[in-house]
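Feature annotations, reproduced from Swiss-Prot:
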ACT_SITE  Asp123  active site, proton acceptor
BINDING   Ile10, Gly11, Ser12, Gly13, Asn14, Phe15, Gly16, Val17, Ala18, Lys33  ATP binding site
DOMAIN    4-260  domain 'Protein kinase'
REGION    253-339  region 'C-terminal'
Amino acid sequence: MERYEVIKDIGSGNFGVAKLVRDVRTKELFAVKFIERGQKIDENVQREIMNHRSLRHPNIVRFKEVVLTPTHLAIVMEYAAGGELFERICSAGRFSEDEARFFFQQLISGVSYCHSMQICHRDLKLENTLLDGSIAPRLKICDFGYSKSSVLHSQPKSTVGTPAYIAPEVLARKEYDGKVADVWSCGVTLYVMLVGAYPFEDPDEPRNFRKTITRILSVQYMVPDYVRVSMECRHLLSRIFVANPEQRITIPEIKNHPWFLKNLPIEMTDEYQMSVQMNDINTPSQGLEEIMAIIQEARKPGDGSKFSGQIPGLGSMELDDIDTDDIDVEDSGDFVCAL
């Protein structure tokens, strides 16, 4: 890690700590996720790294490399200077329909690419969508800790994600299509951008997860009267929020929906993105064997010492599991901020 100097902390979670760093040589800024060596370097971490490494798209945070310190495994990635989309909504209250569409188009573009690479995200939410620092912000999907590759793994069965965003079939705890479940989560994200609240939470009891789950299973939601939403947008939401995953709208169908196509920037078209990916294909990345060797070494506990004053020994922060009795749901983020 001598190559990077730490600028500041930029986040923490059940994974550990994230820091903003600068490449000493190029002066380029990166975000680094530090995960304590030893037991925390599990299959989820390995899957996150391997899946993230394979993705190269303008709407996905770019993976750079993994580095080993005496105490931590460091995942170096593109820095999104605009922060979380979640924070932007908290500040704005809610978005206009045009602004919501602008971000939704980018979200669907990134998710569509993930699915084309046979990777479903399984934890799509506002906190996992970052923005770059440009005036017309580019959305960047991040955090592939729950992602599943249908090339490397069987169909998902586990109930993971954040309760407000989870699809009914995931809660049923049967085998499900992760791509179709991602569509539901995209719908929740769109709704929150438009309304400034979660579609399936009781406003009087937002922390009552059991009630939220009941509402999800019965697809009980409404767009409040005070929010002006076009009929085309309402139609799209009604096609996303369908309990039967086989009848739910697919990503390709969303990309052909009239509401989605309105004001679609040229860089969001499939033709344009294909040309970008072809140009990007020769960009060198850290080798697979090197990454696997680093992950394997990181499974051994660290030496417990501080690292050269630059990267201090870092603690980690565990989030409480949600108590939903017989339903196992993981809480991986904040829920609501006075929406």
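Each residue's number is its place along the chain shown, starting with 1.
Cβ atoms here come from the backbone N, Cα and C positions, even for glycine.
It is Ala18 that, of the binding-site residues Ile10, Ala18, has its Cβ surrounded by the most other Cβ atoms within 10 Å. According to DSSP, Ile10 (ATP binding site) is assigned to a strand segment. With respect to Cβ neighbours within 10 Å, the binding-site residues Ser12, Gly16 differ, and Ser12 shows the lowest count. Each residue contributes its Cα atom, and for Ile10 (ATP binding site) and Asp123 (active site, proton acceptor) these two points are 20 Å apart. Note: the Cα of Asp123 (active site, proton acceptor) and the Cα of Ser12 (ATP binding site) are spaced 17 Å from each other. Residue environment of Asp123 (active site, proton acceptor) contains 22 other Cβ atoms, counted within 10 Å of its Cβ in all protein chains. In the three-state DSSP scheme, Asp123 (active site, proton acceptor) falls into the coil class.
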